[in-house]
Each structure stands twice: as C-alpha cells, then as structure tokens.
C-alpha cells in the first residue's frame, strides 16, 4: 500500500534534458539577420549581415551539425526560405540587400563548403528572357543541369543579362566560396530599376505549380509561376503591378515612393493554406484563387486573384490577375509595419493575419468575405470605379449588382455590351466569371482594338476595387492589439497549425500567444536570452 501511495504521490524521474539541442555556436562572425527551417524541422539555414549562409542538419540525437557555409550575397541577407520538402528537398531561397533573389541547389556528393555554392558544374548555361509588361522588366537568369537526379534539382552557373549595372565585389570568405568567384546559384533574378526587398514562395501540390512573389523598393510586386517542378528555368511572369498609392504629386498611374533618407519597410507573404476558406468559396471566391498580403510602410493590403483575359502578341489568353480585396489604411499602425504573417488553418471559417509594428504592438486581424446578397451599401459604400469615371459616371445599382453576382451567366452579347461600355485602361485584361470564360475569349478576339492596349503606367496601377465580375469584397477586422513587448516588434510568425503566434521585439524576447474562446489572442509563454558569466575553470 505504501508503495502504491509513493507511486501516486511521487512521479517517476524523467530526463530533464530537451530532445534537441539549440544552435548556441552558429559560427557567424557578424549579426544573424535571417533564420529559416525546412518543413520537417531538421534543417536550419542562417544568414548574416556579411552575406554568408550557414546550413545545419539535425541528427537523430538532436545535435545540430554544420552542413555547409558559403558567401551568397555581397551584403546582408534579408530573407531566407526553404522550398517545400515534398517537391524541392534541397533548395534554399535567399534575398540580399543588393536586391538579388537566388535559389541554391544542394549537391550531396560535393565537399563541405561547396554543396550549395557549386551544386552545378557540368551543365550548359541557360538564360530565359522575361516578358515586358511594365517599364522595368525583371531580368531572370537561370541555370539547369541536363541530367536531373531524383529529389535534387541541380543547375550550373547562372549568367547575367547583357550590360548589367555595376555591382560591388563581394567580400572574400575564408573556408567558403565567394559570390563572385565560386558561388553559383541555380536561379537568379533582379530588378534593374529598384532592388527587391521581400519575397514569398508557395507550392500547390494538386496542380504541381510553384509561385514566386517579389516586392521591390519602389512598390512593384512581381509574381512568377512555374508548372514544371523538375525545371527551374520554367518560371514565367504571371502578373505585375504596383502596391503603392498614387499621390497628387506623382499623378495617376505613378507610385508615391518614399523620400531619400526615409526609413522604409516592405513585406509580402502568400496565403499558406492549400485551399481557399470555405466561407470565401461560398461568397464567390474561386477555388484556385491565390491570396497575398503586402505590408508597405504603415499600410497592409490583401490581394486575391480572379480569372481574366489578356492580349499577348495579338492573341487573347486566359490568365489570373490580382485585385485589391481589403486594406488596412494608413493611421491604424502608428509606425512602420516590420513584418506580416498569414495564419495556416483556415478551417475555422475565416483567415487570420498578424502584423509586427514599430509602435510596439502586435495586431491580429480577421479576414472575412462579404456575401453579395447580404452586403450593406451604407456600411460599405461603393467606390466609383476609375473606369466608370472616365465614361462620365457610375453604372446604375441594378446593372452593377447583376454584373457583380458570381452566379450570373455571361452570354456573348452581354460581354460585348460590357466591353463597349468599359472602354478603359484594363480592357486587355477583361475580367470575367468562370462560366463565361469561353464567350469572353471569343468576344475579346473579335473586338480587340488598339485603344485597349495598356501602357506601362496603367499596367502598374494599384489594382484598386472596380466592382467587376470576379471580385469579392473582403473585410479586415482588428480582433487583438498586443503590447506585451513594450518595444518595437520586428518579426511575427504562426506555427504550422495556426494555433500559436510568435513575435520577437527589441528586448530580445520571444513571446507566444494563443487564441482564447472568444476569438481574441493573449500571451501564453515567454522565452528570453539571459547572459550569465561563466566561472573560470580551476
């Protein structure tokens, strides 16, 4: 009896050591700016201010061991991201302060120090020209190995376009390859007009399509797609526009850039969920629609895709085009938005977006769709379309409601009337519903006129709400404002299930939050780094 009582009162001894060890000695000689884990959590990549990337592998014993180290960029590394492990198990994406986006492919047979930097040494050089949809085309440089090995996508040295802008030589690294002499990315792209400042990658398993979004310092957002996972040189331009609002000084069609010397902040993130939220599907969002959240300065914008028709070389082709679905206007964030995160797990019936602001607050927003049948015009006043204003006024409410209804069927005659009435800058990308795609293609081929060609300024418009078919109104509601850091917040991120939100501030603490039953978020745990003076060994 005493043994049973002792067993009930005193729990058995357990090992207090964690199942894994932290990377205390990362080996960087400078400040670590970016950290990324792969989908399985057994590989970690760190990027420092001196442009070096170090990759660590976690062994079965929980010990982290250095795998490779090389100089990837000429300056500090802004962001790192592993590509999906199910498709690209050994591909790492990086973005440097010089504005170059690179993909690094691992060669497991190479020696340490050259596994990523010289993963392709025997294949031919391949350069793919980028389409010119704007006044600042993005030059893509690709390299690919002719013999693809299973689970490894190797590529030889990438080449730059003719007459590239001068760049500074990267610093030499001891014990690792350099970006100028030996580091050979499998894929590389840059923007000659404005450097890239943020990127995001998403892969959809059902369609085996990979999407890449790049946000530049002038507000230009470029989205590429690749439906050939075995070929890194298959990226093609999907859409390109500007996310900055035009001002009276710049005029329509031009973005308002920040003055010289002013601090800026840019972030772009894809919707990580493989499927669209079921409530959004019910309200008319397409099942294959993409979602993007963009943070520029103190504003946050959410974009969705719709089906569109675009003229290319005199032919009309079906494509996807982004439109502004919701926006957190300037003034809500009383500082620069340093980071933004889109939560996985939209099975809850709505999406969640979190922001890290310089004013010390972590804000959590709820993203919902507004059903066309229950929309209130007094609550959400219809914004006059720029296309309608060029024709001298808005359409009447009855016709507008008929056109915006997702279940409406578009005939060929109706598409012709719509195209005639909407002679504006977006006619080469006439938006249509899924049911009327074939009719719209026929109508577009018969009614194509030179006046419907877009110039560069119109193509880079901000994609404001125009109430065209295929657009679904979204709403952003702030559900929590967390000030536990009391200092500027730099990073926010959700776990894989979207149940835990983490943030890091200037004080060096990692705070975790959980959602309460009433839908709000509250602090649940805290982790901090404490410096302890170690006693000298005797």
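Note that Cβ sites are derived from N, Cα and C of the backbone, with glycine treated the same way.
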Task: Per Swiss-Prot, the range holding region 'Disordered', considering 316-373, 374-431 - done: 374-431
Task: Candidate ranges 27-66, 72-114, 260-313, 484-523 - greatest C-beta contact count to the repeat 'WD 5' (332-375) (under 8 angstroms) - done: 260-313
Task: Best-contacting stretch, by C-beta pairs under 8 Å, relative to the repeat 'WD 4' (260-313) and drawn from 27-66, 191-234, 484-523 - done: 191-234
Open item on the list: As a quick check of your reading of DSSP, tell me how many residues in the repeat 'WD 5' (332-375) are helical, how many are strand and how many are coil.
Closed with: 3 helix, 21 strand, 20 coil
Task: Arithmetic mean of per-residue pLDDT over the repeat 'WD 6' (484-523) - done: 93
Task: Within the repeat 'WD 6' (484-523), residues counted as helix, strand or coil by DSSP - done: 0 helix, 22 strand, 18 coil
